[in-house]
Protein chains: 2
Amino acid sequence: MAYDLYVITDETIGRGLSHAELARRAVAGGADAVQLRDKRLSGRKLFDAASEIREVTHDAGALFIVNDRLDVALAVGADGVHLGESDLPIGHARRLAPPGFVIGASVGSVATAVRAREEGADYVALSPTFATGSKDDAGPGHGLAVLSAIRAAVPLPLVAIGGITAGNVSDVIAAGADGVAVISAIVGQEDVTAAARDLRNRIAVAKAGRR
Amino acid sequence: MAYDLYVITDETIGRGLSHAELARRAVAGGADAVQLRDKRLSGRKLFDAASEIREVTHDAGALFIVNDRLDVALAVGADGVHLGESDLPIGHARRLAPPGFVIGASVGSVATAVRAREEGADYVALSPTFATGSKDDAGPGHGLAVLSAIRAAVPLPLVAIGGITAGNVSDVIAAGADGVAVISAIVGQEDVTAAARDLRNRIAVAKAGRR
Ligand code: NI
C-alpha cells in the first residue's frame, strides 16, 4: 500500500467540482490514495459519491478510503476506512471489517499512535501536523518533532496531514513521514492534476534524498 | 419480532434525558422496540449512546434498531438498522448484514413498500402516516388509506410512524398496522413510562377488537 500522496476530496473548496471529479483529476496527477470525507452528506449521498470514486480509483489503481462511515466503505467496496477521534472505535471497526481491509487512524501523539496500532490500525495519520484552515476541528499543529517521534515508535505507515504544502512537503518526508495527506494543496488549486503531479515529484525527490 | 409499540428516542424533546434513559423508561412501560435516531451525533457519540441502549433493551428483551448507521448497529450488536430514503440502499445493507439482522425501511406508498420488500427489508414503516412536528423532513401525512393498501399488498410487518397519538392509535391499528412508532407521544411526555404503558394498552385493545 502506498500512501505517498494521499488526497482528501473537499467539495466546499473544489471550485464546484464533485468529489469524483476531484478524485479523477488527483489520480491523473499521480495520487496514490483518495479519501472521501464529507460530514454534510446523508448516508445515501455519501454512498453515491463513494460509488463514483470507487470506479475512478479502481481504474487508476489508487487506494480508496472512506472517512468515518465503515458501512458506506464496505457497501461500495472501498479499500478502507479512516477513523478520527469522533468516529467509530478502531477495535470495533476491525472486528466488522473483512481481512485485508485498511483501517487508518488520526493520531495526535506517540501514545495515541501506539494505541491505534494496538487496536488494529493499518496506518496512522498525525493530524494536524501543521495548523490548517481546511478542517474546522483540527486545532494547532503537532509539528515535525512529534512526527519523528511517532516514526521512531510505531512500525506502521505514517501519514502527515494538515497544513502540508509544496513548500514544506520535503521537510515532512525528511522527518519520517511515508506520505502526506492534503486537501487544499491539491483540491483547492486551479489545476488539480498539475498540483498533484508537482507534489508527487517533490515527495519522490525527498524520499530519494532520505536514503 | 413484535413491533406493537416502537419508540424512537429523541434527546431534543426529551426534557434533558439521555437516549438511554429515554429508552429505559419506554421499555419499562412495555415498548417492544427502540430506535436510536440522532443525525446530530458523531459516529463515536452515536456508538456510545447505542452501546448504552443495547444494554437497556437487552435486559428488557426489547428489539434495538439503529437509524441509518449500519456500522454502528453492527458494532454494538443491535438487532437491526432502520433505513430512510436518504440512508444506505436496502440491498447493500442486506448484503453487509449477518443472517437474522433486521432491516427496516421507511416507505411512502405501496410501490415503495413493494420495492423495499424486494430489496430485502424485514419490515416497512409508512412515514409519515400523519403530519408531524417531530421530524423536520417528514412532510404531509400519507393517511390510513395508504396504510391499508400497503397492508393488503405487502406481507411484511407494517409500522405506522408520524403523528400517532393516544387519540388515533386505535384507528391506525384498525387500518392494519402491526405497530406504531412514536417519538413525541412517549419521549415528549412528562411520564415516559406511563405514556408507553397507556399506548401499549390501547394497541392491545385495538388488536383484540380487530380479530
Ligand atoms: Ni453521519
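Just so it is clear, glycine is given a Cβ too, placed from its N, Cα and C backbone atoms.
Residues annotated as domain 'Thiamine phosphate synthase/TenI' in TrEMBL: A:5-186. According to TrEMBL, the feature 4-amino-2-methyl-5-(diphosphooxymethyl)pyrimidine binding site maps to A:Gln35, A:Leu36, A:Arg37, A:Asp38, A:Lys39, A:Asn67, A:Ser106, A:Lys135. Residues annotated as Mg(2+) binding site in TrEMBL: A:Asp68, A:Asp87.
Applying an 8 A CB threshold to same-chain residues 6+ apart, the list for A:Asp68 (Mg(2+) binding site) reads A:Arg37, A:Lys39, A:Val81, A:His82, A:Leu83, A:Gly84, A:Asp87, A:Leu88. Just so you know, the Cβ of A:Arg37 (4-amino-2-methyl-5-(diphosphooxymethyl)pyrimidine binding site) picks up 19 other Cβ atoms within 10 Å once every protein chain is counted.
A mean pLDDT of 94 is what the model gives for the domain 'Thiamine phosphate synthase/TenI' (A:5-186). In this entry, A:Asp68, A:Asp87 stand out among the binding-site residues A:Asn67, A:Asp68, A:Asp87, A:Ser106 as having a C-beta under 8 A from a C-beta of chain B.
With respect to Cβ neighbours within 10 Å, the binding-site residues A:Leu36, A:Asp87 differ, and A:Asp87 shows the lowest count.
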